[in-house]
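Inspection log for the structure reproduced underneath, given as structure tokens.
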Amino acid sequence: MRIYQLARKLNLSNQELLKVLSQLKIKGKTSVSGLSAQEIKRVEGKLVKKKPSPKEKGLIARTPVVTLLGHVDHGKTSLLDAVRKTNVAGGEVGGITQKIGASEVECKGKKIVFIDTPGHEAFTNMRAHGAQVTDIAVLVVAGDDGVMPQTIEAINHARAAKVPIMVAINKIDKAETKLKRVREQLSKYDLVPEKWGGETIFVEVSALKGQGLDEFLEMILLEAEMLELKAEPEGDFQGVVIEGELDRQRGPCITLLVQKGTLEIGDILVGGSTYGRVRTLINWKGETVKKAGPSMPVRVLGLSDVSMPGDTFRKAKNEKEARQIAESIKEKEREKGLIKRDIFTLESLSQPEEEQKTMNIIVKVDTQGSLRAISDTIKNLESEEVKIDILHAGVGEVQKSDILLASASQAIIINFNTVASSANRDLAKEEGVNIRNYQVIYAMIDDIKKMREGLIEPRYEEKEVGEAQVREVFSIPKAGKIAGSYVSQGKMTRGSKVKVFRGEEVIGEGVIGSLKRFNRNASEVLTGLECGINIDGFSNIEKGDLIKAYESRRVE
């Protein structure tokens, strides 16, 4: 019995069972490793069958969603077509599958959903829109060509998405195919076959001859079992757009992959600035269906507009609520002019988010000889506070795929002694990606050090900068309460954070919204002068209160 099978029997996760094995000094196992009868007895003796937690009770196993990635002409499309033919008679739905962008395949009574993408650029572009759609990435490698530049890119894109990778070595019918060489090449990228002591599932197929297809599908289901994919069909609905188009006869149409919950005809959806009542649902075969559950791809008709791939849809209570949400988002888009991601620069790095402690970098250099040196130099700039993650390193100019990966992963591109084309510079600007060009290694080191320091959360201390005594309070229509005050110490500045004291007690906090001297707006009022103060966030002010102003100063 394999570990994942025993874990399922004992109602444990694979990781929980591996921990138990470690406690029993049973080492060197992975989720697909076998266990002897004696080892199983030892495990069962240590454990009492685990009961499902309340959170797990509404969950059901769901269909895995798979994307095929790899170098151009290595047979991704051919493999997908071959798999479909084993499930669909005579290509009757060929046109439909291309149009819907997804297809379902059945193996031993279980389904697998394949998302059709033209390559890893589209896969990464979905992530750039905020969508994590894929459960498993299948890396297709031609046995005669072996590992090629786009193969390496695909590996890095899948890893950046934190998606498990399994390998399909294609074209095994060719005389030039060298399986051992492909395994050795991939092992250099930490994709080590199970038979060599690794954890990566490898399958050998021929899309042209139809060889190995059953094992290919079985291994996908095995990987899915190990991932223990679950969803709650009765919970809140969420679906992600795979593609959208304007049908001349039927209007806006989107292909939606249901991620959780259930979608039914008549439901009201909202996603971004698009909303509407679901009028029709069509499955990947072109059949009309009444509802769609988790992991099911479905075409949706009835929306107000065409959506972008990666947009997330949820249900609204009614059309009024959906319209309000959509119009609110549309108004924000109108104010901005265009939806653009914030460019990830040195300046934005100096305003870190609380949990951001990893710096993502893509490296492009001019020669193979400098690739290792530049990458090692960058990795050596890691500190205890900041991890540097090189998502991809390659030789040659910046490509579209590099920009999409950087956009999806909030990474900076370090471009050493190469030049990006004007088209790719424009794309980088559009995607909000910062490409930094260097010819001198020391300039690069200095910049990365600045970026690294920007990720370390700064500490601030609050320092009192002024006091004002409230001598009178005035109520002014529209403006609210104005505190006629005398600045006894320091200064009062518009925008400063303040605390209001009544005796020794702090009774309120806020920010100086307006500051006036003789009915004129003032940005600052100094010691010994009178002024009118309006506090945003606090209105219960009284004569005799004391206003103290503060400013935050960074502690170096």
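Every residue, even glycine, has its Cβ placed from backbone N, Cα and C.
Any TrEMBL annotation is an automated prediction that lacks curation.
Annotated features, as they stand in TrEMBL:
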type: BINDING; residues: 70-77, 116-120, 170-173; note: GTP binding site
type: COILED; residues: 165-192; note: coiled coil
type: DOMAIN; residues: 61-230; note: domain 'Tr-type G'
type: REGION; residues: 64-212; note: region 'G-domain'
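Of all Cβ atoms in the protein chains displayed, 12 besides its own lie within 10 Å of the Cβ of D73 (GTP binding site). Of all the binding-site residues listed here (G70, K76, I172), the one with the fewest other CB atoms within 10 A of its own CB is I172.
In the three-state DSSP assignment, the secondary structure recorded for D73 (GTP binding site) is coil. Annotation note: I172 (GTP binding site) sits in a coil segment as assigned by DSSP.
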